[in-house]
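Chemist: Quick one: structure below, then a few questions.
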Amino acid sequence: MISDLGWDEARDEEWRADPVSLTGAAPGRVVRVERTTIRVALDDRVVTVHANGLAVGDWVATDGATWASPLPRRTQLARQASGRTSDEQVLAANVDAVLIVEPLHPAPNARRIERMLTLAWASGATPIVVLTKSDLAERDSAPEIESTASGADVVVVSSATGANLDRLRGLIHPGQTFVLMGPSGAGKSSLVNALAGREVLETGEVRGDGKGRHTTTHRELIVIDGLGCLIDTPGIREVGMTAHQSGLGATFADVLDVAAECRFHDCTHTVEPGCAVRGAVENGLLDGARVASFQRIEREIAQQALRKSTHDRRDERIETKSRRAGMRAVMDAKKRPRGQ
Ligand SMILES: Nc1nc2c(ncn2[C@@H]2O[C@H](COP(=O)(O)OP(=O)(O)OP(=O)(O)O)[C@@H](O)[C@H]2O)c(=O)[nH]1
Ligand SMILES: [Zn+2]
């Protein structure tokens, strides 16, 4: 309940008008969550409040002051929460397209693209690889990337000259929700502004002061006329890894096809005899660096899954223990003679 969290005491006019971007809604409406972190001024301090269980992009039923649990998500973009925990953090919900933004200058990083693709495919949204800064590129590395990004559209653009932006616009359908993922300086903000035809996000030059542009006052879901809904949160911009085997299969379908021919079905493609993957690398049919990248990401996912099951088991043990302790306390109380 919003009122339990102290919204009513918010001093800041903006927050009072629009906490979590839900309260503007008329009673009994289903609304989209535009922001899940808000700052509330309480007396002399400002506290940050998270709307637990909600992600930007969720649809929730609200009466203007309280909300019900979110409607089932069509897609969700999640990553492993930072630190050594096994928790998954949902970065955005109901996303249709993930723009994987990688600069052609100085040079695109195929391994990073694979990582982002794994995350994107696992979300259920459609990945689109956008290679930016074509005006600065000395050589055409698009064909290499196309072979890396099998199954995803690859578009080479320049926000500076406007080259190919129409093709990219054609891939994002108005009314759909999209996110941008990619390293700092890749040109994500410039791309959004160029696509929108107006300044929606601050770019590198504008910032200039070294300060991040992500303040909590920033709305994280932006509706761009004629283009769609952009979800832009700090978490999406960074690239993490998550425990989704499904994304791996879509990203490395070529490697998995060959791996199906290995003599042992649990082949690690390292020392086993009859390994088709090693054979394909030796024959030049598969790129060794790509296979190594596949193995690295697969290992990370396996470690993540292991960590998760260990945590789940520990949680179960704690639960059983406390249940037993509870039962024992009841039995002890029953055994005790009355009046003690
Ligand atoms: N020449 C050229 N420069 C570009 C292009 N796109 C972006 N830049 C420049 O690259 C720098 C970084 O661009 P941003 O759009 O701020 O990059 P970003 O990915 O949003 O960066 P973060 O906000 O740190 O994640 C800026 O100086 C842009 O002017 C392009 O197509 N061509
Ligand atoms: Zn093998």
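Here the Cβ of each residue, glycine as well, is placed from N, Cα and C on the backbone.
Annotations in TrEMBL come from automatic prediction, not curation.
Copied straight from TrEMBL:
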| type | residues | note |
| --- | --- | --- |
| BINDING | T132, K133, S134, D135, G182, P183, S184, G185, A186, G187, K188, S189, S190 | GTP binding site |
| BINDING | C262, C267, H269, C275 | Zn(2+) binding site |
| COMPBIAS | 312-322 | compositional bias 'Basic and acidic residues' |
| DOMAIN | 85-239 | domain 'CP-type G' |
| DOMAIN | 93-237 | domain 'EngC GTPase' |
| REGION | 305-340 | region 'Disordered' |
Chemist: Are any of the binding-site residues S134, C262, H269, C275 near ligand 2, with a Cβ under 6 Å from it, and if so which?
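Modeler: List returned for ligand 2: C262, H269, C275.
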Chemist: Mind running the binding-site residues T132, K188, H269 against ligand 1 and keeping the ones whose CB falls under 6 Å of it?
Modeler: T132, K188
Chemist: With every protein chain in view, how many other Cβ atoms are within 10 Å of the Cβ of S190 (GTP binding site)?
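Modeler: For S190 (GTP binding site), the 10 Å Cβ neighbour count is 20.
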Chemist: If you run the three-state DSSP split on K188 (GTP binding site), which class comes out?
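Modeler: The three-state answer is helix.
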Chemist: Rank the binding-site residues K188, H269 by the number of other Cβ atoms within 10 Å of each Cβ, and give the residue at the low end.
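Modeler: Output over binding-site residues K188, H269: least Cβ neighbours within 10 Å is H269.
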Chemist: Which residue counts does DSSP yield for the compositional bias 'Basic and acidic residues' (312-322) in the helix, strand and coil classes, in that order?
Modeler: 11 helix, 0 strand, 0 coil
Chemist: Restricting to the same chain and to sequence separations of six or more, state which residues have a Cβ under 8 Å from that of C275 (Zn(2+) binding site).
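Modeler: Same-chain residues close to C275 (Zn(2+) binding site) (Cβ under 8 Å, separated by 6 or more) are C262, R263, C267, H269.
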